[in-house]
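Asks: Provided herewith is a single structure, encoded as structure tokens, for subsequent inquiry.
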């Protein structure tokens, strides 16, 4: 189902992300990322705002991971990936920056992070300031239209319009799955 067909607001933690959502299921949603670590980096989250994986019901867990699997196939196809990083930081001490369960899906290709130390560099990127989604969302709130200073010049926050366009494009791609 296209996110543009929805009326109620969709929340990622305390943040309204309705226009960033490109796929909805009864219990989950997929959204584009404000500051993707690599092109195609998206998130999948349960619709119910809950901080930890262990807080989800059996039905929510099943729906979440079936959605991760389906969105992952589409992201790999659309971004010409040969592999995927699928990651979850479960709790603040594990690096979770928004207290809402979410799974990162990042398409990968051979040698894509050789300039940063190799394939495993993605883990440090996720755990460091680059992957701090909550910080960037807080800095990017409705009442502060300016984007935060970017540490990595190659990775700039995107506009709401750009994210909405990507969400619409990915919604069309999800219909092919």
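For all residues, glycine too, the Cβ spot is worked out from N, Cα and C.
TrEMBL labels come from automatic prediction, so no person has curated them.
Sharing the record's features from TrEMBL:
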- 102: active site, tele-AMP-histidine intermediate (ACT_SITE)
- 33, 89, 95, 96, 97, 98, 104: substrate binding site (BINDING)
- 132-177: compositional bias 'Basic and acidic residues' (COMPBIAS)
- 1-115: domain 'HIT' (DOMAIN)
- 127-177: region 'Disordered' (REGION)
- 100-104: motif 'Histidine triad motif' (MOTIF)
Asks: State the residues, same chain only, that lie 6 or more residues beyond the ends of the motif 'Histidine triad motif' (100-104) and have a CB under 8 A from a CB inside it; answer 'none' if no residue qualifies.
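Replies: Same-chain residues near the motif 'Histidine triad motif' (100-104) but 6 or more away: 11-13, 37, 41-46, 49-53, 55-56, 64, 68, 85-88, 90, 126, 131, 133.
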Asks: Substrate site residues 33, 89, 95, 96, 97, 98, 104: biggest Cα-Cα distance, Å?
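Replies: Of all Cα pairs among the recorded substrate binders, the widest measures 17 Å.
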Asks: With DSSP as the reference, give the number of residues of the domain 'HIT' (1-115) in helix, strand and coil.
Replies: 35 helix, 29 strand, 51 coil
Asks: Quick one: pull the CA-CA distance for residue 95 (substrate binding site) versus residue 102 (active site, tele-AMP-histidine intermediate), whole Å only.
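Replies: Pair distance, Cα basis, whole Å: 12 Å.
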Asks: Looking only at Cβ atoms, how many others are within 10 Å of the one on residue 97 (substrate binding site)?
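Replies: So the Cβ neighbour count for residue 97 (substrate binding site) comes to 18.
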Asks: Can you tell me the mean pLDDT for the motif 'Histidine triad motif' (100-104)?
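Replies: Averaged over the motif 'Histidine triad motif' (100-104), per-residue pLDDT gives 96.
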Asks: Fewest other Cβ atoms within 10 Å: which of the binding-site residues 33, 96 wins that one? Let me know.
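Replies: 96, out of the binding-site residues 33, 96, has the fewest neighbouring Cβ atoms within 10 Å.
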Asks: Residue 89 (substrate binding site) to the residue listed as 'active site, tele-AMP-histidine intermediate': how many Å between their Cα atoms?
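Replies: With the alpha carbons as reference points, the distance is 8 Å.
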Asks: Here are the recorded positions: 102, 104. Which has the lowest count of other Cβ atoms within 10 Å?
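Replies: If we count Cβ atoms within 10 Å for the recorded positions 102, 104, the smallest count is at 104.
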